[in-house]
């Protein structure tokens, strides 16, 4: 099987299809912003979404990583049995955290944010519903089903946004009922997409041709095997190791929302503005970096064997993995640098166009500028960690848990003090520090892994000096353009500012093509080849 070809096809298809569907939701959200209060947005986007994401992450993340690390001879009956344990675990976390959200946290003013209790129940229930589709998701991801994941997620997001817009326009007084119904629709559509796909796929000629390990839908339910254990205990132990790590990783990933929720450093209105800017800033991370990270985690886990050093692996596989890692690092680094350089000069304009003065005044532009820097950290961390987690053995994962524990405590402290000192911008600065430490750990692991070989994939973090010079010049020119033409001098001045940025961006891209020829060939041959073939 051409693992690299299928993996890049998965990543590129994921990125392009997500851009297509997310463009629709982007416009719908911009429309909805005109009808909602900042306080309602803060409760939904921070408080309730945090409840949902925490339950889902704690219940399934460890299972996903452990079950996707199996070999080609994986016993899928036992793996599916293990995956169904995510549902009772999700019920436990949903009830426990739901009680915390209802009785220990500050309750919003009912006159400003009505129906808070119903919102907590609905978002907790939605997490449990989504976990019912976990065996289907892992099976699809392990067998590199290219479009299923993205289409299912995109259809569910679009359905959620359309329902939200309709209810916001027709029944704005419903408050959190609107977002509760939309969230339940989202997870229902998501799970049904997977179930319907496998109902059609299993038993089909295509499944037979591929020798698919599951023959019928009944096999996707928990099954007892005579004279054998219910689950694969090796996978179960690895899951426990990843679970301890996932608990800490969730604190690091959603740390600012936990600080907002439990320490009340920002009011609900400021939380709403922060979350909108945070979502805008993370668009590229969701569109490009996350599909690459998820797809190439599968690639590295299949090509190299977990727990073995570089000398004990097949050398052809080592060479391929090192080359792919180097080029991936270069790719995400250049994307991150481009966003950082141009994000500084165009943050205020972007926010003004998207949400009007509610976003472009106050701390909004500074938040998005800082997030442009944070995107660079996100880009590098995603690829380095996806390689590291794909290769770590159980003992290394356990050791890393202690690193994460110390980092979690440090991150929360820094978030609290930086927010007291510099408001919501402090959250992003703390995240940059957090990602910097995680990158240092992952690059240290990669360096040690390859030091006994002739391969040096970390060279991908060193762009051409000529390209760096072009980035610096572009940053200076666009910064000067923002001062001269943006953003209160009318639309003609804005168009001039946009034109200056377009010229600088074109010069940067041309320089990339001239200086990073190996990377250009990789992107053309792996990510774009299937689309170029379709056009011929």
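These residue numbers are counts, starting from 1, taken along the chain as shown.
Cβ atoms are placed via backbone N, Cα and C, with glycine included.
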Segment assigned the feature transmembrane segment in TrEMBL (from 18-39, 150-171): 150-171
Interface check, the transmembrane segment (459-480) with the transmembrane segment (327-351), three or more C-beta pairs under 8 A: yes
Interface present between the transmembrane segment (116-138) and the transmembrane segment (177-202) (three or more C-beta pairs under 8 A): yes
Most Cβ pairs under 8 Å with the transmembrane segment (400-419), selected from 116-138, 150-171, 327-351, 425-447: 425-447
Folded-back contacts onto the transmembrane segment (80-104), same chain, C-beta under 8 angstroms, at least six residues removed: 47, 51, 54-56, 58-60, 63, 66-67, 117, 120-121, 124-125, 127-128, 131-132, 134-135, 138-139, 214, 219-223, 230-232, 235-236, 239
